[in-house]
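Here's what Swiss-Prot has on this protein:
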REPEAT    5-48  repeat 'WD 1'
REPEAT    58-99  repeat 'WD 2'
REPEAT    100-141  repeat 'WD 3'
REPEAT    143-186  repeat 'WD 4'
REPEAT    187-227  repeat 'WD 5'
REPEAT    228-268  repeat 'WD 6'
REPEAT    269-320  repeat 'WD 7'
């Protein structure tokens, strides 16, 4: 049987703060990468299709999107690749025209840091989560259409995501109250509370077919939930704080940023198949420890994994065939 492995092929270097989120878009075999950072910017990268042999830089920032005046916590790309959406600790969201490289809308309503943002599958609706403990729904004109308060989180809302389907769409949210919540988009009412985490939840990710989601956070447990049945499926041990998660777009893999490592599980047999660690001299990062991996994104073809770290670097891994013994 052919075995696949992840191989570090290079880096993207340009941020001067932690890389808080990464988003990708591919058109005509050309991948555009966006990254948000604590340096208050969003960088747009051109990524080389051919990786260098020395594992050095494999792309360059071609544009810097500026406007936020505090850490940028999240960035996503519209499904047509024309727009980006960002959230910041400056309490606002911004919509960006990627062709022009300018912010076209500023979304003002949250009273505290915006921690997470997302586009609906049809790009017509926007959701945001904040330290003000609220979830807000917006249109693309930056009008707040609804604020979820009934049954909402009792602590910071750390992450919000739409299901990828336009049919019976839901929003999945999680927060520092240790709860993962699923909301009906049609009426903004709570559909399910997923309870099981023993610490704050940092991240949720929804599978490409919308049938399940995974959550992770302080307790180091990757929990899988059935979104259709509204039940817990199983738990995978991360053994350290989980900062980010992403399903592969075309393999039955779940990828998690766990402390300084990246763990990849094959969900078919529920086994960890890979653990990726940055090879870095400990003196090169703060507190003499390895940089933490805090953001993850796959390319749309599932061949490339982009990982953002607290040493301000994006490391780029590619799926390759493992050499047989």
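The chain as shown is numbered from 1 upward.
Using the three backbone atoms N, Cα and C, a Cβ is placed for every residue, glycine included.
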Who are the long-range neighbours of the repeat 'WD 3' (100-141) in its own chain, taking Cβ under 8 Å and residues 6 or more past its ends?
44, 63, 65, 67, 70-71, 73-80, 83, 85-94, 147-149, 152-166, 169, 171, 173, 175, 183, 185, 188
Have the repeat 'WD 7' (269-320) and the repeat 'WD 4' (143-186) got at least three CB pairs under 8 Å, pairs 6 or more apart in sequence?
no
Summarise the model's confidence over the repeat 'WD 6' (228-268) as a mean pLDDT value.
96
Where else in the chain does the repeat 'WD 6' (228-268) make close Cβ contacts, counting only residues six or more beyond its ends and a cut-off under 8 Å?
4, 6, 182, 191-192, 194, 196, 202-208, 211-212, 214-218, 220-222, 274-278, 289-298, 300-302, 305, 307, 317
